[in-house]
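As structure tokens, the structure follows; a few thoughts come after it.
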Amino acid sequence: MPDEQYALEARGIVKIFGNHVALDAVDFGLRAGEVHALLGENGAGKSTLIKILTGAYQPDGGQVLADGQPVHMDNPQQAQTLGIGTVYQEVNLLPNRSVAENLFLGHQPTRFGLVDRRKMERESRDILKRYGLEIDPTSELGAYSVAVQQIVAIARAVELSGKVLILDEPTASLDRYEVERLFEIIRDLKARGLAVVFITHFLDQVFAVADRVTILRNGKLIETRALDAMSRTDVVRLMLGKDVAFSGATGVEDARPMGDILLDFSQYGRKRSVHPFNLTIHKGEVIGVAGLLGSGRTEMARIMFGADAADEGEVAIAGVRTTIARPTDAIRHGFGFCPEDRKAEGIFGELSVRENIIIALQGKLGWFSALNRDEQMEIAGRFGESMDIRAASLDMPIKLLSGGNQQKVILSRWLATDPAFLILDEPTRGIDVGAHAEIVRTINRLRDEGMALVVISSELDEVVAYSTRIVVMRDREMVAELNGENINPGVIVQAIANHHDEELA
Amino acid sequence: MSRSLRPLVATAVIFAIAYALAVMQFPSMFSTRVLGNFLTDNAFLGITAVGMTFVIISGGIDLSVGAVIGFTGVLVAVLIAWAGWHPLAAFALALAVAASFGAGMGLAVHYLQVPAFIVTLAGMFLARGGASVITQDSVPVNHEFYDWISDLIIRLPGGGRLSFIGLLMVAVFIIGALVAHRTRFGSYVYALGGNPVSASLMGVPVARTTVGVYMVSSTLAALAGIVFSLYTSAGYPLAAVGVELDAISAVVIGGTLLTGGYGFVLGTFIGVMLLGLVQTYIIFDGSLSSWWTKIVIGALLFLFIVLQRLIFAASTQGEKAS
């Protein structure tokens, strides 16, 4: 046991969901007056650990200690009384109420049983001043930017708890200037002796503000170390668990003839989402998109498909300038998009496999040329066979299928529209090995048939296997375009971690 | 000006203009007599609407209030006329029954996660059916206590009369406004209507607040039923059919957002008065069918819903990056 006193400590935490071990004997120690970054890819166990530290979950093993004393927390309110405050990525305040009420809700000063508004507003003004906010506490919170709301949320958490502050991706929707302002506040809180846990996907921010880092992977503690002894490459390598950085280039690369130019995005971007990027996509090409979670990969895909409209730059399709402001525009031009969050954005759970397959085609045809049942069965049957969809019947609800088969159905949905350009966001996440191979095979086949694809994946080996070109995203910016022998995991890790002081090989 | 105040101001301005126009046509409408009757005639609607304001601000709806008024009227009448209870004892029991009824609905809304629309629709049928099981007929109430109450009148200069039930409504509005705007419970109600997830993360006792809101609504509906019984000196199981919709209209016209989170108890008062004004005008005119009331209320409601949409759409902040 370390002789130093931790403000908040987790010892040997185990958390099991069903038969999945979300956290496996994880230790985590937080000192007063430090900013401690918690890193890990999706599913690494970060949010589970946070929920245990804030009382939202109870551990199945191990214990949580506050100031060296074992504590048991049943709910977030109890954590609050122990001095642990949390601010989430999405500001969890009330935009319909005044700033003062958001700071004090549940703890309003009262006089004769009634809320003492004047006192509440006076104290709010004092608090806001400490955070450098010159805003009227009686005004509605919703009138302010996300950054200001974020600061109000931090102020509330600190005022109510005042010992430990947990920031769960607080910068995800802030711009650079706002992030800098937030960091000033974090440094100030650190100087006041607070212990701050900082969760983010942005490595630059970790190095800018954190003192120590804890890295989790697959529910296991990988490393807790002081940051000044680590380089970006070390951190990325520990997060991805790949000891590949110096494996060297693969060397062999066939000179695949480039097809005609299909799409040309120039200075294409969207404020607060993705910095303008340039990308030319040829027919018969697979462009792999690599980057850590939150690096802007999904945002880029959504802009390409018109799910979020771009607000700068232009796009040309086969040399002709067009606008893609809505998914229907994109579909008309022969685009398809398999989103990352299959359950929420991909499948229609209650509808049958058949209906899920034909729905995009029907959408493209319009209201007045309905596909009859026989046509639907024919189309669904054709894809069911060619994609090897394992379903007892094409009329069973898709939600009963495994993740891999659901993914094949969504892929079929777009293939049925005979697309020229397909965007796949994490097509192989959470699916079994067989389906995985089937999808990779399909990607290769489509490329050879002359389709253009953009494939986003965290699996570096996989991206390397099918991509003809790889673009790397970092901090919502396209930072590198790799081709030829640079397509190997080592170079990609370098590009993801790269910073001006570590030149790309 | 805060945007949540704008619908309230709009309501007040429309009421002032409408009243001025009515007075220009019928100068006798500007008298303490008409104003006093405004309060008396709309007392039960006003009291119901205060409870409805809380429910709607919390993001819910209560369709059962009309039926609770009818049930309370019958229960009170039967207890006094048939069982020989003292009216005060009957009132106390009726309020207690309604409070537990509201608590039941609140529990169902919170724990079963059934939409309030469905739960209170079931509550409406239960209460209306319960009233009809007790009796099918109108039960008259003759009790000296009732006579005493109706004699409690403050005479105003100009022949106006402020009745007990009119003043009771005003008192309920004042207490309601204090609770909504100046207590922790009130702030929890707004929090719930703003965003229930944020509210619970900020430590709002969501279950307790939800149950409280429906208890307030049902209890005030029962109080309205008592007022209605004092007003008509009878209990009838089919009394106050559709009052829930009048109450919802008054709340929305009063500037409360139907989706919750924004609103003022005072606005509801103006809303009730505006509805009363329309009715009084039609009585004064004499030649118009009383159904014109419904048409005007319909037009007003539509106007206010459009107005709120415009105000809130115009001031929505820039969307967040995903």
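A Cβ is built for glycine as well, from the same backbone N, Cα and C atoms used for every other residue.
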(message) Please identify the range among B:4-22, B:213-231 that TrEMBL labels transmembrane segment.
(response) B:213-231
(message) Within the same chain, where does the transmembrane segment (B:162-180) have neighbours whose Cβ lies under 8 angstroms from its own Cβ atoms, ignoring anything closer than 6 residues to its ends? I mean 6 or more beyond.
(response) 36, 39-40, 42-44, 46-47, 50, 53-54, 57, 149-150, 152-156, 186, 189-190, 220, 223, 227, 230-231, 264-266, 268-269
(request) Please work out whether the transmembrane segment (B:238-258) lies in contact with the transmembrane segment (B:89-109), by counting C-beta pairs under 8 angstroms that are 6 or more apart in sequence and asking whether there are at least 3. (result) no
(request) Give residue numbers and ranges for long-range contacts of the transmembrane segment (B:38-57): same chain, 6 or more residues beyond its ends, CB-CB under 8 A. (result) 65-66, 69, 116, 161-163, 165-170, 172-173, 176, 180, 189-190, 193, 213-214, 216-221, 223-225, 227-228, 231, 240, 243-244, 246-248, 250-252, 254, 256-258, 260-263, 265, 268-269, 271-273, 275-277, 279-280
(request) Could you give the residue numbers and ranges of same-chain residues that sit at least 6 residues beyond the transmembrane segment (B:64-83) on either side and whose C-beta is under 8 angstroms from one of its C-beta atoms? (result) 44, 48, 51-52, 89-91, 93-94, 97-98, 101, 105, 120-121, 123-128, 130-131, 134-135, 139-143, 217-218, 220-222, 224-226, 228-229, 232, 234-245, 247
